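Look at TrEMBL and you will find 12-37, 49-68, 80-98, 105-123, 135-153, 173-191, 203-221, 233-250 tagged as transmembrane segment.
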Amino acid sequence: MTLAAFPHDPWFYAIGFLATFLMGLGKGAFGGGLAILGIPLLALTMEPIPAAVVTALLVAFMDFFALGSFPRSAWSKPDLVWLIPGLIGGLFVGFLVFELVDKRWVALVIALITLGYTVRYFVKPASAAPDLSVSPGFALVASAGAGFTTYVAHAGGPPLAMYLLRRDLTKSAYAATTIVVFTVGNLIKLPGYVYTGLDTPEVFTQALALAPMVPVGVLIGRRLHDSLPREKLYGLCYALVGLAGAKLLWDALRALITP
């Protein structure tokens, strides 16, 4: 592979490195939640479907760094027993939608999920009192939703968080359990995304070009795990996601309307 195969657009690197760093930061500090940034930001420099493939490759790479950041003793195993099966079911449905539905409609779904979670973040009600018990039914439903949205839009964090936040886990247990869930999910969905990427093989060099920022974001996030104010970081990032998601929605609607 020669340097000529890599992207030459400086705008791609400016947006791509920012998105990759923030996704890695969220992964290292909180176990995830910022992968939703990937598609809307990268879609500023490429089409939404290739942006989804590049994001999938990057977050899978992040998992290799993030998984070892917390000891296995921090994993909430009673929850993982129920979360993983639901996740797999949701991933399968997401794969079918991603592969069988018109790509213009997929782009619209991605935009709506992105904007929906952005609005939810800023208008969410006060958290309910934590419920310390494991809820198999709730875990299966939440993880199925996480599996579907993580495949279609890399936005599985909110459905999973709705369950885990009610468990009143320690900060480390929350992050570690989230990392395990999405490591499994990202490994399962990676072959499907690689298959999709065969239509646009340049996505592999684009992901490789951004990969050096992955360990930087993850390792800095892990170092800031105990001190980084989650709400302030997420508020800023979701504002950015909202702007990018609005543009993605506009582009998706225009593609559907234009003959």
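Here, residue 1 is simply the first one shown, and the rest follow in order.
Every residue gets a Cβ built from N, Cα and C, even glycine.
Under 8 Å from some Cβ of the transmembrane segment (173-191) lie the Cβ atoms of residues 27, 29-33, 35, 56-57, 59-60, 63, 66-67, 69-71, 74-76, 79-80, 83-84, 87-88, 91, 94-95, 143, 146-147, 150-151, 156-157, 160-161, 164-165, 225, all in the same chain and six or more residues away from its ends. Counting Cβ pairs under 8 Å to the transmembrane segment (203-221), the top-ranked stretch among 12-37, 80-98, 105-123, 135-153 is 12-37.
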